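What Swiss-Prot says about this protein:
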| type | residues | note |
| --- | --- | --- |
| BINDING | GLN35, TYR36, ARG37, ASP38, LYS39, ASN67, THR105, LYS135 | 4-amino-2-methyl-5-(diphosphooxymethyl)pyrimidine binding site |
| BINDING | ASP68, ASP86 | Mg(2+) binding site |
Amino acid sequence: MKLRGLYAITDSQLLAGRFLTHVEAALEGGVRLLQYRDKSDDAARRLREAQALQKLCERYGTELVINDDAELAARLGVGVHLGQTDGPLTPARALLGRQAIIGSTCHASLDLAAQAASEGASYVAFGRFFNSVTKPGAPAADVGLLAQARGQVKLPIAVIGGITLDNAAPLVAHGADLLAVIHGLFGADSAQEVTRRARAFNALFAS
């Protein structure tokens with residue numbers, strides 16, 4: 001399974017009132033990986049929304065991962081993305097099986113990436129690369145890290161943090177496999193603009 005292209009991440013506040021329409025618009029433009037990210041404690045709504053996203057992803061051939069909730073991922077039979085505060089990846093791999101996509105937040109640390117690889121990660125995520133609305137205090141990373149990671153970590157590399165169409169191209173040029181985008185995709189005013197942005201992000205991988 002090749003993980004390369006646009007990695008769309010949902011934001012429940014940003015997408016309030018237009019959640020499924022804007023997500024489907026992104027999928028229409030081409031999304032390799034979709035992460036359902038919701039930090040609320042409304043388990044019933046989270047299950048409902050995740051199930052709706054799963055149906056959309058199946059329709060468009062997109063892989064779905066759940067943020068920070070391996071149990072919900074297991075219930076749906078999808079992947080999971082874990083941060084550094086979520087514990088080791090090994091239990092999630094045991095729960096979800098060998099084929100599941102499991103991603104790991106590595107901030108700007110090659111050591112964390114190596115550890116994630118040893119614990120069975122499917123991809124590693126570095127960032128923030130630019131000022132981020134979602135995680136303004138996250139450790140900063142730069143393109144030099146990508147060159148080092150390419151030589152040391154034999155996994156797909158996701159990049160995150162303030163990524164827009166104006167700043168994404170150098171990240172792809174320096175070895176990023178997945179552009180993880182929230183506001184730069186879903187901050188659009190219309191569903192049509194979301195689709196246009198998704199296509200434009202994917203075009204960066206074709207050049």
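The backbone N, Cα and C atoms fix where each Cβ goes, glycine too.
These numbers come from a predicted model, not from an experiment.
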Between ASP68 (Mg(2+) binding site) and TYR36 (4-amino-2-methyl-5-(diphosphooxymethyl)pyrimidine binding site), how many Å separate their Cα atoms?
9
Which is it, of ASP38, ASP68, ASP86: the one of these binding-site residues whose Cβ has the most other Cβ atoms within 10 Å?
ASP38
Going by DSSP, is LYS39 (4-amino-2-methyl-5-(diphosphooxymethyl)pyrimidine binding site) part of a helix, a strand, or coil?
coil
Give the sequence-ordered list of residues that share a chain with LYS39 (4-amino-2-methyl-5-(diphosphooxymethyl)pyrimidine binding site), lie 6 or more positions from it, and have CB atoms under 8 Å from its CB.
ASN67, ASP68
Under 8 Å Cβ to Cβ from ARG37 (4-amino-2-methyl-5-(diphosphooxymethyl)pyrimidine binding site), same chain, six or more residues apart: give me those in sequence order, or none if nothing qualifies.
ILE9, THR10, ASP11, SER12, ASN67, ILE182
I'd like the number of other C-beta atoms within 10 A of the C-beta of ASN67 (4-amino-2-methyl-5-(diphosphooxymethyl)pyrimidine binding site), please.
20
Separation of alpha carbons, ASP86 (Mg(2+) binding site) and GLN35 (4-amino-2-methyl-5-(diphosphooxymethyl)pyrimidine binding site) (Å):
16
Please tell me which one of the binding-site residues listed here (TYR36, ASP38, THR105) sits closest to ASP86 (Mg(2+) binding site), measuring Cα to Cα?
THR105
For THR105 (4-amino-2-methyl-5-(diphosphooxymethyl)pyrimidine binding site), nearby residues of its own chain (Cβ under 8 Å, 6 or more apart in sequence):
HIS81, LEU82, GLY83, GLN84, ALA125
Please list residues from the chain of TYR36 (4-amino-2-methyl-5-(diphosphooxymethyl)pyrimidine binding site) whose Cβ is under 8 angstroms from its Cβ, counting only those at least six apart in sequence.
THR10, ARG46, GLU49, ALA50, LEU53, LEU64, VAL65, ILE66, ASN67
Would you mind checking how many other C-beta atoms are within 10 angstroms of the C-beta on GLN35 (4-amino-2-methyl-5-(diphosphooxymethyl)pyrimidine binding site)?
25
